[in-house]
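Input: a single structure, listed below in structure tokens.
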Amino acid sequence: MVDVNRFKSMQITLASPSKVRSWSYGEVKKPETINYRTLKPERDGLFDEVIFGPTKDWECSCGKYKRIRYKGITCDRCGVEVTRAKVRRERMGHIELKAPISHIWYFKGIPSRMGLTLDMSPRALEEVIYFAAYVVIDPKDTPLEHKSIMTEREYRERLREYGYGSFVAKMGAEAIQDLLKQVDLPKEIAALKEELKTASGQKRIKAVRRLDVLDAFYKSGNKPEWMILNILPVIPPDLRPMVQLDGGRFAASDLNELYRRVINRNNRLARLLELNAPGIIVQNEKRMLQEAVDALIDNGRRGRPITGPGSRPLKSLSHMLKGKQGRFRQNLLGKRVDFSGRSVIAVGPTLKMYQCGVPREMAIELFKPFVMREIVARDIAGNVKAAKRLIERGDDRIWDILEEVIKEHPVLLNRAPTLHRLGIQAFEPVLIDGKALRLHPLVCEAYNADFDGDQMAIHVPLSEEAQAEARILMLAAEHILNPKDGKPVVTPSQDMVLGNYYLTMEDAGREGEGMVFKDADEAVMAYRNGYVHLHTRVGIATDSLDKPWKDNQKHKVMMTTVGKILFNAIMPEGLPYLQEPNNANLTEGTPDKYFLEPGSDIKAAIAELPINPPFKKKNLGNIIAEIFKRFRTTETSALLDRLKDLGYYHSTLAGLTVGIADIPVIDNKAEIIEESHERVEQIKKQFRRGMITDDERYAAVTDEWRSAKEKLEKRLVEKQDPKNPIVMMMDSGARGNISNFSQLAGMRGLMSAPNGRIMELPILSNFREGLSVLEMFFSTHGARKGMTDTALKTADSGYLTRRLVDVAQDVIIREDDCGTDRGLDIRSITDGKEMIEPLEERLQGRYTKKTVKHPETGAVIIGPNQLITEDIAREIVNAGVEQVTIRSVFTCNTRHGVCRHCYGINLATGDAVEVGEAVGTIAAQSIGEPGTQLTMRTFHTGGVASNSDITQGLPRVQEIFEARNPKGEAVITEVKGEVIAIEEDASTRTKKVFVKGKTGEGEYVVPFTARMKVEVGDQVARGAALTEGSIQPKRLLEVRDVLAVETYLLSEVQKVYRSQGVEIGDKHIEVMVRQMLRKVRVMDPGDTDLLMGTLMDITDFTDANAEVVIAGGIPATARPVLMGITKASLETNSFLSAASFQETTRVLTDAAIRGKRDNLLGLKENVIIGKIIPAGTGMARYRNLEPQAINEVEIIEDTVAEELAAEAELEAVTE
């Protein structure tokens, strides 16, 4: 066997007949499988032990040789070699075909490789291969054309005309094989290159295609005639198994049936040839053999598929590779693993952030080998077998050992769907009773888990390296930030928010108001004994609290509440005392107005203070972000645990309940609705009189009901009591929002009809009053549509993520600095007047390219190649700088990846990114994971002013990444200059826009209904949009340069996500967009070996040019190509990655002809062949590190093997 971690690359080529023979261990001559009585494989059949090896380890077929000591001997009676039965997975056989057979992949694929090689149409090829026509192989002296096609009748006529033997014409694959042998590759290639110099149009396209295929054959050393098979390999029997079912029947792989048909037809053909049967019968048999081989290779590719019982198409070799159930995606990219389990999850509120609860029964099964080793080491049992029996009996002594074994041994928890890297995290297991896994409530948000029956899988990392990685890199307490935007992902939610909200509320005039305490303990004691309430405003000596007071705040009395004293007690030292829920208090310290000199009239001072709002979910998020910024991970996760405990405790104490009386009644609801009814009546009257159109009437009516709903909502907000439990839940951010509340207390409002149009009849009732039957019926449609949309969106979003991962999986941080001389100019992203992404956010965590100076004073704010921190970013923006040149992924020169400086910080950790970080995969997950939050709809831009639907939400993201022509496309200018005129042409219903520049004039025809973005006198740049709508990126690439397209795509993706309130770091989108523009198309090869029209990687193109320029030749020219992510994935240099993505057969066909070599640079290729992936600790620079165990553990694998061998020998003797 090949050592997986040793080889550097993998190549795929066409197999020559001699190669197939060298693989084979013998010829399969009979279609039989196994003998129905003895159940032993038949001789010369598809399961023959002589060819494929023994069915039992170390035992020949007849039983003469048994046991390992006869290893390598071939039995003289039955001819079977004594070896492991595992060889039946590796040894191949072959079938000697009695007639050449065409390989369907090369004849039927698009484009047909055989057709291009021979310059014949696929239709003509099909007629020849399936014996419907003759092809001229050698016209000799006749006027017949070489490779011309003729029917049977024409053939006979020509024979009569020119005489027998005057020319050679044949049919079937044999004819094609002869033609392929005649192809002189160097000569054909030279002729095509000549032709390309003058050809144009269709002719040119065809020549480029032919040249591509012929050049591939020539360079790879494959011979074209190998596309025709003379010998057919038979795959090992264990890869097409036959198993006995309970009822004594057999279930066999479909491949056996397909092979049987081939062998039957091949044998029949051999017999017919021996008997010198009539030509027509032989021809028919050859055609049937061709069809049988076609079905074996790719059933259903041509004609009707061969079916099995119940007219189910049989699964051929191609189907074994294709699709989600195929070899690539089912067995190579994802395998089922041992040391794993799954169970329902339940909440573990008492756990620490790095812990999870594992049921005892599950743990003993998962850690069985570890426990067994310990049992043997402690001499509780003599050997491994006895230890196993102890565990199976459930001996009491095993539980203590299990406790010790799992200590410090992390486990991984995973919840499907794993949308981003936070879907798998490591925890320290804690043994619990029951059968459900316990999960820490704060990690739920990262997993998107809840406790309504969700299940999770658990995995045990075995090796010391794996345990170390799980503990250091994957521990849940380390994952505070979300990789997509660098914001905390573990903000408290629901009860925790509610508890802290209740705790930090303030009340005027509560019992004990104005009491002064010497320290926190005294305040808590007073609260416990009922002298003060949590919400009571009291005073406390500042010196007793360990907080960073300003000088004027020391030795004072501070006015606060008992709840806030408790809330601040859990905060880390060094954080200001949090009195107001705002950022100023958090970053700059407690405001001075809360401090008094000791002995002042505190009651009067308190009475003058306004009531502060409590801390809401958003405020807690800000506090966590600030603490992470100051104290990093460990302190943050400890604080989160304290916040969680405090929140749960006080939400329990608060005892919030919800009853129907908590839903207020709006006193003037009837009046508001009555007014709206009158207004609607007036609108209808106007319509009946013909004063407004039907569309205007519809818009006015729906607007009227919307405003009625808003009035009720406004009234609700005015009336709401801050102590109302529903209001508290809503205001704190624990659950629900104003729209839920207004449906409970106001009115439900307008609903959408099944066709998506909003119905004019609103639902006037709310849930407190109850809906009428008709209203209920109206509202069901919206509810169902919501469920359906969610389901469809999830699938769409998952597929988008898969394509994104595929295109960027080989983007890894490869070096420290690429030394590029280019940078990216960035400014705020805006849409009209609306701010999409401010400059400050875009600058954070990036490196500068040029020095940034203060625009007024000229002082240097930051030099080149330096990291822009949050504070520096704020300083740059405050100085009034509008544009900064930064290092960007777009301009990075690193091959097969990105350098650290162009990428910036790793958003998941807040630190500089490490070499080896798989930033491509992180980028793909960051863009794909929020996909489910985007809408599915394509919106109308409203009103009559526009006829274009602007695509938004998920469909727009797909449109951008697939580089499709957008709906509602904008017209762009190719000239830089001034708009000199806009003329309307009523006859053609169009407008004409005239742009005049230094280089020339442009005239652009715009649809009449399109909304103009420019006016006469405006200055426009090249590629600027003249009308509203999305620019077609491929068109922009023609007019402008690559960087302009990249910048445009980046801002377009941000617009979609930001409009839905989803924040994504620019760098993730940069990584994806860069992958879409990696290729160039060669326009003129110059003196290089490149072929015209070839698509190639930009780095390979530059290398080829560099070589030629050094030698003093003319370099090639090329044009950048923008590819959608699906196409870019399929065009990757790695055929393994492309084949496992989509269109498996097409990718493999192409790779084989080209003799492609996969250098295993990406992650996917390495996963497929089972090699350690070249990212993180798998990179070459980290590969040879030896793990050092802290305490030496005795490894007892050898003893186990010795024991088992001894037992086996003992059994042999007793037999």
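Glycine residues also receive a Cβ, built from the backbone N, Cα and C atoms like all the rest.
The following features are taken from Swiss-Prot:
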- C60, C62, C75, C78: Zn(2+) 1 binding site (BINDING)
- D450, D452, D454: Mg(2+) binding site (BINDING)
- C818, C892, C899, C902: Zn(2+) 2 binding site (BINDING)
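Annotated features, which come from Swiss-Prot, shown on the structure.
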residue	record	DSSP class
C60	Zn(2+) 1 binding site	coil
C75	Zn(2+) 1 binding site	coil
D450	Mg(2+) binding site	coil
C818	Zn(2+) 2 binding site	coil
C892	Zn(2+) 2 binding site	coil
C899	Zn(2+) 2 binding site	strand
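Note on the binding-site residues D450, D452, D454: the fewest other CB atoms within 10 A surround the CB of D452. The Cβ centroid of C60, C62, C75, C78 marks the Zn(2+) 1 site; residues of that chain outside this set whose Cβ lies within 8 Å of it are S61, G63, K64, Y65, D76, R77, G79, V80, given in sequence order. Rounded to the nearest whole angstrom, the C-alpha distance between C62 (Zn(2+) 1 binding site) and D454 (Mg(2+) binding site) is 54. By neighbour count, meaning other C-beta atoms within 10 Å, the densest spot among the binding-site residues C78, C892, C899, C902 is C902. Taking the centroid of the Cβ atoms of D450, D452, D454 as the Mg(2+) site, the other same-chain residues with Cβ within 8 Å of it are I345, A449, F451, G453.
C818 (Zn(2+) 2 binding site) and D452 (Mg(2+) binding site) are 50 Å apart (CA-CA, integer value). D450 (Mg(2+) binding site) sits 39 Å from C899 (Zn(2+) 2 binding site), taking the Cα positions as reference. Taking the centroid of the Cβ atoms of C818, C892, C899, C902 as the Zn(2+) 2 site, the other same-chain residues with Cβ within 8 Å of it are E815, D817, T820, R887, V889, T891, N893, T894, V898, R900, H901, Y903. Proximity of C75 (Zn(2+) 1 binding site) to non-local residues of its own chain (separation of 6 or more, Cβ distance below 8 Å) is seen for C60, S61, C62, K64, Y65, E81, V82, given in sequence order.
Among the binding-site residues listed (D454, C818, C892, C899, C902), D454 has its Cα nearest to the Cα of C78 (Zn(2+) 1 binding site).
Across the fold, the C-alpha of C892 (Zn(2+) 2 binding site) and the C-alpha of D454 (Mg(2+) binding site) stand 43 Å from each other. Cβ neighbours within 10 Å of C818 (Zn(2+) 2 binding site), excluding its own Cβ and spanning all shown chains: 18. Of all the binding-site residues listed here (C60, C62), it is C62 whose C-beta has the fewest other C-beta atoms within 10 angstroms.
Rounded to a whole value, the Cα-Cα separation of C902 (Zn(2+) 2 binding site) and D454 (Mg(2+) binding site) is 40 Å.
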